[in-house]
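Colleague: Take a look at the following structure, please.
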Amino acid sequence: MAPNNCSHLNLDVDPFLSCNDTFNQSLSPPKMDNWFHPGFIYVIPAVYGLIIVIGLIGNITLIKIFCTVKSMRNVPNLFISSLALGDLLLLVTCAPVDASKYLADRWLFGRIGCKLIPFIQLTSVGVSVFTLTALSADRYKAIVRPMDIQASHALMKICLKAALIWIVSMLLAIPEAVFSDLHPFHVKDTNQTFISCAPYPHSNELHPKIHSMASFLVFYVIPLAIISVYYYFIARNLIQSAYNLPVEGNIHVKKQIESRKRLAKTVLVFVGLFAFCWLPNHVIYLYRSYHYSEVDTSMLHFVTSICARLLAFTNSCVNPFALYLLSKSFRKQFNTQLLCCQPGLMNRSHSTGRSTTCMTSFKSTNPSATFSLINRNICHEGYV
């Protein structure tokens, strides 16, 4: 018996929940039977399982480093730990639910699950994209407006900002929980009826268009547009700083500029990964929403949908490994936590990675330009 794979249909109406439904008849669309291979039933959940395991290892290790290594508890690392927590939430809720539809021909989580799971999943997506926006704002302040940084109670303020991101994300996800329900759907071509967990019934074609466009704007386009503005000013400031730096230079200023470049590059990599991994999922959701009355049973649509979903979940496990490649301090801590390196390594990292406040002023070759570079917790290379 072919599995319940309505993820290849346009009836998949939630970009974060995918298609979790119960066929009243254990049937697959006839067109699909011509090309669907039974091996998909096991291969696809296995890929989901691999993503979950890798993501759990990476994100749990990252959070453990932040909680146990005092020198790593700085402003950007707190945001990144919050990002890792959101990724963990997505991996332990959305990924197993998504994988279950290939192993069972019915919705396994009841009406309560139909309301709770979309809420949790949308909260996680909101935490991810809004935290990336906050990280970009933090890098903007550190590089473009360093004089605005207040060292006192900085970590406490960032904790409040991180908590506010979670609260806003949950508030935005409340409509998903309120309106999601088990709705009946009917496929005319195959004369099949099934029950689908969706945020609206099949009767109104306007609802999916509004829902898909709102999700695309709020959780993708608008945050990425804000991030782009921040990084435009960051890039402009770094270019100007490079031109205005005296020829003889100041070793401390050069190191600080290089450190800020590394931090900005790391956040930009996170943003790029998010944009790349989530764009296909949003595009397919928009396509389905604007072709709601049609049912696409083609192999191309089925495979593209699966790849888009897997790519979206992959985003929840790649950030720790991107950090591993970009940050020497995190790489040392990661090896210590995960690979059980010698105990002395942790102590050395504490002494060499101690937080300090650096202030350096110098005159550029332009007499009217004076730079005062102040930032907390970024003089060392330690950046998770």
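Just so you know, glycine gets a Cβ as well, placed from its N, Cα and C.
In case it helps, Swiss-Prot gives these features for our protein:
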- Cys114-Cys197: disulfide bond (DISULFID)
- Ser351: phosphoserine (MOD_RES)
- 64-77: topological domain 'Cytoplasmic' (TOPO_DOM)
- 138-153: topological domain 'Cytoplasmic' (TOPO_DOM)
- 236-265: topological domain 'Cytoplasmic' (TOPO_DOM)
- 327-384: topological domain 'Cytoplasmic' (TOPO_DOM)
- 40-63: transmembrane segment (TRANSMEM)
- 78-97: transmembrane segment (TRANSMEM)
- 116-137: transmembrane segment (TRANSMEM)
- 154-175: transmembrane segment (TRANSMEM)
- 210-235: transmembrane segment (TRANSMEM)
- 266-286: transmembrane segment (TRANSMEM)
- 300-326: transmembrane segment (TRANSMEM)
Colleague: Indicate whether Cys197 (disulfide bond) is helix, strand or coil by DSSP.
Modeller: strand
Colleague: Sequence-remote contacts (6 or more beyond its ends) of the transmembrane segment (40-63), Cβ cut-off under 8 Å?
Modeller: 3, 5, 80-81, 84-85, 87-88, 91-92, 95-96, 98-100, 102-103, 306, 310, 313-314, 316-317, 319-321, 323, 330, 334, 337-338, 384
Colleague: Across the topological domain 'Cytoplasmic' (64-77), what are the DSSP residue counts per state (helix, strand, coil)?
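Modeller: Tallied per class, the topological domain 'Cytoplasmic' (64-77) gives 11 helix, 0 strand, 3 coil.
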Colleague: Could you name the stretch, out of 116-137, 154-175, 210-235, with the greatest number of CB pairs under 8 A to the transmembrane segment (266-286)?
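Modeller: Per the Cβ count, the answer is 210-235.
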Colleague: Using a threshold of three or more Cβ pairs below 8 Å, and leaving out pairs closer than 6 in sequence, do the transmembrane segment (154-175) and the transmembrane segment (78-97) count as in contact?
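Modeller: Counting Cβ pairs under 8 Å, at least 3, so yes.
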Colleague: Drop a 10 Å sphere on every Cβ of the disulfide-bonded residues Cys114, Cys197 and tell me which sphere holds the fewest other Cβ atoms.
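Modeller: Counting other Cβ atoms within 10 Å of each of the disulfide-bonded residues Cys114, Cys197, the minimum falls on Cys114.
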Colleague: Pop the mean pLDDT for the topological domain 'Cytoplasmic' (327-384) in here, whole number is fine.
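Modeller: Within the topological domain 'Cytoplasmic' (327-384), the model's average pLDDT equals 51.
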